[in-house]
């Protein structure tokens, strides 16, 4: 009997902080805009984020079990491929060369998603897309509001509404995981 009570107490001790942590960070929390003003800094941050969303979505087309996840992934490939081309054109006008490879952070995110399988893959992909879109919206919103007047700033302004739509869509999907 004492062992049973001890096990129950131990289980509760670990459960309550986990529940509190989940309650403290709802998936629809607003992320504050980043304070990025330099076009080169913006491109250095935006390009790997965009590439991550494309590469992880290509993986999702192959490995996701949910048709909703696959549909979202195809939309990400289509929209972010177009955005990548538009960003390259804007960067060229500004004399900026965006990175052509994932940075360490986004490579680690891609590696983490790629290790998952089955339903766990879907959950990992969706969670990564929520994080990526929260960060992208914060970056694009911040640069659109405070960035130096440039072609990249115009790109951020015109791309932001699409990123916000993606974020809402992925948050809706995340409610299932």
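Note that Cβ sites are derived from N, Cα and C of the backbone, with glycine treated the same way.
Annotated in TrEMBL:
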DOMAIN    40-173  domain 'DUF4142'
REGION    82-103  region 'Disordered'
SIGNAL    1-20  signal peptide
Query raised in the report: Which whole-number mean pLDDT does the model give the domain 'DUF4142' (40-173)?
Result: 98
Report summary line: Summed over the region 'Disordered' (82-103), the DSSP helix, strand and coil counts are 12 helix, 0 strand, 10 coil
